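*Asks:* Annotations for this protein, taken from Swiss-Prot, read as follows:
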type: COMPBIAS; residues: 12-22; note: compositional bias 'Polar residues'
type: COMPBIAS; residues: 69-89; note: compositional bias 'Acidic residues'
type: DOMAIN; residues: 11-73; note: domain 'IBB'
type: MOD_RES; residues: S75; note: phosphoserine
type: REGION; residues: 1-160; note: region 'Necessary for interaction with XPO1'
type: REGION; residues: 1-40; note: region 'Disordered'
type: REGION; residues: 69-90; note: region 'Disordered'
type: REGION; residues: 319-362; note: region 'Disordered'
type: SITE; residues: S106; note: site 'Interaction with m3G-cap structure'
type: SITE; residues: K145; note: site 'Interaction with m3G-cap structure'
type: SITE; residues: W278; note: site 'Interaction with m3G-cap structure'
Amino acid sequence: MEELSQALAGSFSVSQDLNSTAAPHPRLSQYKSKYSSLEQSERRRQLLELQKLKRLDYVNHARRLAEDDWTGMESEEEEEKKDDEEMDVDTGKELPKRYANQLMLSEWLIDVPSDLGQEWIVVVCPVGKRSLIVASQGLTSAYTKSGYCVNTFPSLLPGGNRRNSTTEKDYTILDCIYSEVNQTYYVLDVMCWRGHPFYDCQTDFRFYWLHSKLPEEEGLGEKTKRNPFKFVGLKNFPCTPESLCKVLSMDFPFEVDGLLFYHKQTHYSPGSTPLVGWLRPYMVSDVLGVAVPACPLTTKPEYAGYQLQQIIEHKKSKKEGIMGKLTPRASENGHYELEHLSTPKLKSPPQRPNHPESLMEN
């Protein structure tokens with residue numbers, strides 16, 4: 001373990017995607033790069049300022065997603081690409097699909113914000129896969145974060161089935177985590193509700209709206225013929241030390257994958273952003289410096305050390321690519337952030353009951 005820690009200190013960046021949550025946390029062995037921390041903190045400040053100036057046409061954007069109508073998008077895409085460069089938002093790998101890169105993804109929470117207790121909200125996330133849900137024109141479609149439609153079904157979401165889709169403008173767009181085990185879409189965030197876009201609304205308002213409106217849709221949390229998958233809202237909590245300790249001691253109706261930390265003022269911006277942070281529960285004590293209770297969620301798993309090995313292997317393959325010796329294996333690792341889950345699978349999983357094989361694609 002000591003050798004791995006020393007090797008890790010050689011450099012911080014594990015990928016082309018800064019602090020991607022698909023790779024292991026850079027501070028698992030108490031390693032911390034001052035430059036990286038300052039950079040993440042500074043990028044947060046800049047993004048909060050720039051989002052005040054950047055006002056996109058989210059009404060048309062939501063309509064295009066709902067109606068699958070992309071007429072005249074070529075010129076707008078060029079303009080958006082320039083805006084993303086100015087905003088320092090990583091929209092990920094370019095894919096020939098209109099529904100790709102529509103979700104707001106997180107970075108590993110490396111720099112502890114000075115206003116964590118006042119300006120941040122935490123959401124406990126289940127094991128599952130991130131899904132873009134579009135309910136429109138009497139059907140509900142589920143897309144992966146790469147833009148592939150993996151399922152189409154009726155639902156009791158506004159616009160999600162022929163009975164409740166009264167007008168063409170009655171559509172809904174949600175950011176969800178799909179649990180195959182529970183046959184449930186856990187609703188993480190809302191981008192559009194009944195044709196009203198919420199992209200440029202602050203996180204605390206989006207969450208308030210979401211948890212006010214979801215219970216109003218009768219039968220949405222039940223599995224029926226008209227609603228074959230349950231839709232359940234994920235609760236959010238304050239980020240004070242007392243609140244975090246209470247959250248980590250709770251029992252949840254699902255297998256917990258990790259914690260998403262949202263800045264209250266951030267707008268919903270597709271692509272990865274430092275205004276949303278990701279931690280596994282057992283990292284809270286080391287990274288945030290919070291005294292946590294001894295419970296299953298805070299117990300360090302046996303694969304924690306393996307994550308360090310993944311960092312070293314990924315650094316090695318990346319270095320080979322830079323040197324012009326990119327092997328097929330290294331090339332595969334080069335897309336680590338897009339293809340792997342929040343915690344890598346073990347080649348030989350540790351002998352531990354109920355070890356999560358498939359964690360959230362975050």
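Each residue's number is its place along the chain shown, starting with 1.
The backbone N, Cα and C atoms fix where each Cβ goes, glycine too.
The structure displayed is predicted, hence computed values, not measured ones.
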*Asks:* Have a look around K145 (site 'Interaction with m3G-cap structure') and count the other CB atoms within 10 A of its CB, chains all included.
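*Replies:* That number is 22.
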*Asks:* Could you say whether, by DSSP, W278 (site 'Interaction with m3G-cap structure') belongs to a helix, a strand or a coil region?
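*Replies:* Assignment for W278 (site 'Interaction with m3G-cap structure') reads strand.
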*Asks:* What number of additional C-beta atoms lies within 10 angstroms of the C-beta atom of W278 (site 'Interaction with m3G-cap structure')?
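*Replies:* Its Cβ shell of radius 10 Å holds 25 other Cβ atoms.
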*Asks:* Suppose we draw a 10 Å sphere around the Cβ of S106 (site 'Interaction with m3G-cap structure'). How many other Cβ atoms does it contain, all chains included?
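*Replies:* Counting Cβ neighbours of S106 (site 'Interaction with m3G-cap structure') within 10 Å gives 24.
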*Asks:* Could you say whether, by DSSP, S106 (site 'Interaction with m3G-cap structure') belongs to a helix, a strand or a coil region?
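*Replies:* Looking at the DSSP assignment, S106 (site 'Interaction with m3G-cap structure') belongs to a strand.
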*Asks:* Pop the Cα-Cα gap between W278 (site 'Interaction with m3G-cap structure') and S106 (site 'Interaction with m3G-cap structure') into the table, whole Å please.
*Replies:* 6
*Asks:* Roughly how many Å lie between the Cα atoms of W278 (site 'Interaction with m3G-cap structure') and K145 (site 'Interaction with m3G-cap structure'), rounded to a whole value?
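*Replies:* Rounded to the nearest whole number, the Cα-Cα distance is 17 Å.
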